[in-house]
Amino acid sequence: MGSRPSQATGDQRGDQGQSDATNAARQDSPQDGETKIRLPSGFVRGVAADAIYVRPEIASQINGYSVKPDVLQIAIRDTVTIDEFRKVWQKKLATQVPPMELIDYSAVRSGLESTRNVSGQQSQAWAATGMASLAAIFIIFSTLSMGVTERVREFAMLRAIALTRTQIASMIAIESLLLAIIGWLGGLLAGWIMVLVGSRVLPGLFSSGAVLGWTCVLLTGVTVMVGAIGAAVLPAWRAMRIQPLDAMSSRPSTRRLQSWPAMGIVGLALVTLTPTVVFALPLSDATRKWCYSFVTYPMLLIGMILLAPAVVVLVERYVAPTITALLRLDSRMIRTQLSSNLWRSVGATLALSVGLGLYASTQTWGYSMLVPFTPGKWLPDALVAFHPVGLSEEDEPMISEVDGVQNDGVMPLAIEQAKVDWGEKGQPTRLRTGADNAVLCGVDPARAFGDEQPFLNLTFVEGERSSTIDALNAGGSCVIAEDYAMASGLGIGDSLTFIPPSAEHERVEYEIAGIVRLPGWQWVTKFSGVRRHFVRTGTLLFANRSDIQADFHLPRTEFFWVNFQPDANRDEVEASFQEIAQRQSGETFTAEGVGAVQSYRPFARMTTTDNVKKAIKIRADDMIWGMSYLPLITLVVMSLAVANTIIASVRSRTWEFGVMRSVGVTRGQLARMVIAESILIGVAACVLSLSFGLIAGWCGVGMAQFGGWFAGPPSFRIPWTHLGIGFALTLTLCLLAGLWPAIKTGRAEPLGLLQAGRSLQ
């Protein structure tokens with residue numbers, strides 16, 4: 001079983017000196033009737049931004065004790081720089097007791113730049129650069145490829161006259177660079193206009209003014225130029241293969257790609273490799289992260305590219321009959337509409353899949369990661385905290401007497417947040433930053449985990465419910481969360497050692513008696529005020545309430561879990577709790593490091609589980625959709641590639657359309673054929689993006705336990721409604737992209753189509 005509190009010095013524990021110190025600490029504890037607590041700490045370091053500034057006398061009256069200054073603001077003469085001041089005073093200030101730290105504007109700026117919000121914005125900026133580059137590459141590649149196909153005779157004649165292969169390739173490269181320069185300049189202008197408009201509409205986003213720096217101009221220019229050169233490689237290679245004799249031959253029909261089954265098999269093998277590395281192979285965390293970032297994820301992208309031809313062919317084969325039935329067309333009219341020029345169709349499909357695939361993976365990953373952070377059914381209706389001194393034993397029964405609270409729906413808790421002492425072995429590497437402490441929750445074991453209607457309906461992953469209750473009743477044991485067990489590598493029989501905040505010379509050790517699932521403990525502890533001393537925490541664990549009270553010197557009960565009656569008015573219930581809290585008004589207690597504190601206005605803080613769930617949903621939706629806007633914008637931009645593809649398809653089949661019109665095909669049927677082709681491309685993009693999104697999202701959730709985000713078992717949720725929004729947008733964009741070519745083709749006369757088609761042959 002776990003040991004009781006002891007003072008630790010080096011590796012020696014429990015000697016006579018330590019026992020004396022422990023006894024002295026217990027004599028100073030509230031066992032003698034004195035109300036002594038430790039105030040919450042560790043939340044604000046430096047100047048508080050969200051605060052009310054008053055004179056020291058008023059602050060002392062509000063706080064209930066005399067405050068001491070802990071921040072000194074100084075003004076430096078104009079003739080002295082901050083670097084000169086730091087050089088003279090930094091070491092002198094550091095040697096003071098307590099040591100003083102010099103914080104200037106540069107330190108504040110550096111701290112702001114390293115915050116999560118700023119780093120997230122920087123990551124989104126780099127992601128936007130990458131997706132814009134992909135958009136430029138796909139669109140330029142599609143345009144050049146179709147241009148080479150349509151200008152075979154022209155290039156052949158130029159070869160026959162005098163031009164070399166290198167000169168032909170240079171023509172393609174120059175054309176690509178010209179397209180890139182025009183797009184780059186137009187993009188800079190459009191981006192600058194958007195920034196200016198944004199600064200007017202949302203001035204809070206640009207509080208320091210909107211500036212288009214040279215770094216942005218140069219970075220976008222280099223990115224676009226490099227992408228343009230890369231996009232021109234394959235079209236230039238195709239143009240170089242054109243022979244002079246090709247000018248004398250009739251225009252050859254495009255060969256259908258016959259190797260798509262083999263490419264699909266190779267692509268499927270590469271795609272399968274990604275979840276295999278994430279979930280199956282026994283690798284170290286560092287090796288797994290490196291392999292996922294630099295090997296398997298790129299292979300997933302390559303695999304999806306290789307799967308694209310198979311997806312296009314299968315969609316044409318099995319989805320086209322449904323589309324033709326909806327559009328009232330003969331299925332034979334679009335039987336080979338995509339596969340007749342497979343590379344062109346694949347290019348448009350991949351262009352759409354860049355944005356749509358990222359959107360699908362972001363949504364799948366985000367809402368799958370949300371599952372373990374959403375409070376489960378194990379939580380009671382509310383957690384009520386009575387600050388700052390808690391309730392006396394005489395007042396505790398008043399909580400169950402409040403109208404709206406179940407008679408048997410109240411559980412008193414003993415809660416403290418304490419650092420974990422990992423000793424010489426050090427903190428486990430999988431524990432994320434800020435997980436060096438835990439929130440300890442003392443409960444009545446039999447009532448909390450009992451077999452018959454337990455107050456906390458928890459699922460035990462390891463350990464039997466009955467044996468766990470017996471161990472907690474015996475004292476010195478605890479129950480930990482499954483995710484914490486996976487991150488720390490601890491199991492039943494292992495021990496955790498804690499440092500009481502009010503007695504840092506003591507050590508409290510608990511043996512793990514059970515492991516349970518605690519979905520949502522993170523946000524419950526964040527919103528309810530149980531993180532008393534540290535902003536972040538590593539876990540929530542349970543122990544015997546009497547153990548927590550004695551080991552961490554908690555004189556009164558400050559927290560209660562409550563369940564409401566079905567028809568309870570929660571506002572009235574909270575008001576009743578406030579009346580109970582105010583019964584302690586005017587009471588004086590002793591706080592460590594402060595002395596006597598007068599609690600002139602105690603208050604009750606009620607955190608309901610429903611409100612926590614609502615707050616999580618709002619916050620999660622904001623974050624996940626914030627990450628999804630950029631892929632959706634990329635999707636809209638990539639729809640230009642679909643328009644290019646449809647226009648090229650119509651131009652290459654002008655003669656065919658003329659013949660069809662001559663033999664009786666109506667204008668409407670011809671227009672619906674073009675619409676059907678654009679819809680099929682959209683469906684193929686949806687299928688490919690859904691496959692990528694599900695696999696990438698699932699693997700991303702699996703990698704979270706190795707990257708320090710969350711160490712629990714991976715969960716998988718498919719947000720079909722949100723994915724449906726992306727798919728509907730894709731089909732709408734494809735429909736709009738094919739609308740004008742369809743109208744133009746339908747309005748053309750048969751003779752005009754035949755003449756235009758002859759000129760292109």
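Quick reminder: no glycine exception, Cβ is built from N, Cα and C everywhere.
Quick look at what TrEMBL lists:
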| type | residues | note |
| --- | --- | --- |
| COMPBIAS | 1-32 | compositional bias 'Polar residues' |
| DOMAIN | 128-244 | domain 'ABC3 transporter permease C-terminal' |
| DOMAIN | 631-750 | domain 'ABC3 transporter permease C-terminal' |
| REGION | 1-39 | region 'Disordered' |
| TRANSMEM | 125-148 | transmembrane segment |
| TRANSMEM | 168-192 | transmembrane segment |
| TRANSMEM | 212-239 | transmembrane segment |
| TRANSMEM | 260-283 | transmembrane segment |
| TRANSMEM | 295-320 | transmembrane segment |
| TRANSMEM | 341-360 | transmembrane segment |
| TRANSMEM | 629-650 | transmembrane segment |
| TRANSMEM | 670-698 | transmembrane segment |
| TRANSMEM | 718-740 | transmembrane segment |
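Long-range contacts of the transmembrane segment (341-360) within the same chain, counting only residues at least 6 positions beyond its ends with a Cβ under 8 Å from a Cβ of the stretch, are 131, 134-135, 138-139, 141-142, 145-146, 254, 256-257, 260, 304-305, 308-309, 311-313, 628, 630-639, 641-642, 644-645, 648-649, 652, 681-682, 684-686, 688-690, 692-694, 696-697, 723, 726-727, 730, 733-734. In terms of DSSP helix, strand and coil, the domain 'ABC3 transporter permease C-terminal' (128-244) has 101 helix, 0 strand, 16 coil.
Contact between the transmembrane segment (629-650) and the transmembrane segment (718-740) is supported by 3 or more Cβ pairs under 8 Å, counting only residues 6 or more apart in sequence. When Cβ-Cβ distances below 8 Å are used as the criterion, the transmembrane segment (718-740) is approached by residues 352, 356, 359-360, 363-364, 367, 632, 635-636, 639-640, 642-643, 646, 674-675, 677-679, 681-683, 685-686, 689-690, 693-694 of the same chain, each at least six residues removed from its ends. Here the transmembrane segment (260-283) does not lie next to the transmembrane segment (212-239) in space: the count of CB pairs under 8 Å, restricted to residues six or more apart, is fewer than 3. Within the domain 'ABC3 transporter permease C-terminal' (631-750), the DSSP-based counts of helix, strand and coil residues read 98 helix, 0 strand, 22 coil.
Tertiary proximity for the transmembrane segment (212-239) is limited to same-chain residues at least six positions away from its ends with a CB under 8 Å from its CB atoms, namely 129, 132-134, 136-138, 140-141, 144-145, 147-148, 155, 168-169, 171-173, 175-177, 179-181, 183-184, 187-188, 191-192, 195. A mean pLDDT of 86 is what the model gives for the domain 'ABC3 transporter permease C-terminal' (631-750).
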